[in-house]
Amino acid sequence: NAFSLPSGSRSSKTFKPKKNIPEGSHQYELLKHAEATLGSGNLRQAVMLPEGEDLNEWIAVNTVDFFNQINMLYGTITEFCTESSCPVMSAGPRYEYHWADGTNIKKPIKCSAPKYIDYLMTWVQDQLDDETLFPSKIGGCSCVTQHGPSRPSRSLTCACCCVPGVPFPKNFMSVAKTILKRLFRVYAHIYHQHFDSVMRLQEEAHLNTSFKHFIFFVQEFNLIDRRELAPLHELIEKLGSKDR
């Protein structure tokens with residue numbers, strides 16, 4: 001991953017289990033493409049939809065990647081984010097978040113930051129694991145090259161299997177927007193309440209690069225309302241102006 005930390009780093013500890021994209025799938029190839037373009041250092045270009053690719057699939061692959069990144073980032077500071085240090089889920093003194101998921105908890109509840117983030121990341125994980133929402137088999141053709149029985153080195157046949165796959169549901173984009181809006185709140189909480197811990201752990205460069213990638217991506221496809229981004233407005237402006 002373009003944002004992986006040095007081996008032996010505390011960040012090998014994740015908050016929730018990592019969500020893997022199956023190797024050999026088209027989504028895995030898209031993820032590899034994303035990582036390769038991120039390596040070029042041009043984040044504005046890296047977030048753009050690759051030519052000929054499906055927008056839903058591109059957003060799905062990147063949403064999984066952001067979940068894994070935030071999962072890892074929050075995993076590094078969980079010991080500092082406790083019931084006593086963070087009795088409410090906030091992003092500075094002006095922004096407080098109450099949890100509701102619309103199914104298990106319908107009426108928003110006030111809870112501590114670690115509880116809120118646990119609810120949030122579990123909810124996101126459930127969405128990503130739902131094959132009707134985030135289908136891992138989108139369809140397409142896979143070809144296997146086989147050696148002929150008589151002359152293995154030269155006699156080759158190609159067996160191709162084309163499958164229709166599972167389409168993205170009509171509500172995919174609205175679900176993806178809700179996931180990204182909620183993942184933003186974890187970044188906002190880390191920056192406002194735990195940036196001193198991030199600095200002590202010398203992981204601010206990793207946090208900043210991850211957040212810049214996230215912001216450029218949601219801006220490219222207009223995935224989060226500007227009002228939701230208000231807690232980190234100044235930082236977002238600063239990251240954007242550096243890139244102009």
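Backbone N, Cα and C atoms are what each Cβ position is placed from, and that goes for glycine too.
Unlike curated records, TrEMBL annotations are generated automatically.
As annotated by TrEMBL, region 'Disordered' applies to 1-22.
Per TrEMBL, the feature compositional bias 'Polar residues' maps to 1-12.
Look at TrEMBL and you will find C81, C86, H189, H194 tagged as Zn(2+) binding site. Long-range Cβ contacts of C86 (Zn(2+) binding site) within its own chain (separation 6+, distance under 8 Å): S112, A113, P114, H189, Q193.
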Residues that sit under 8 angstroms from H194 (Zn(2+) binding site) by C-beta distance, when 6+ apart in the chain: I77, F80, C81
Non-site residues, in chain order, whose CB comes within 8 A of the mean position of the CB atoms of C81, C86, H189, H194 at Zn(2+): I77, F80, S85, A113, P114, I117, I190, Q193
Site of maximum Cβ density within 10 Å, from binding-site residues C81, H189: H189
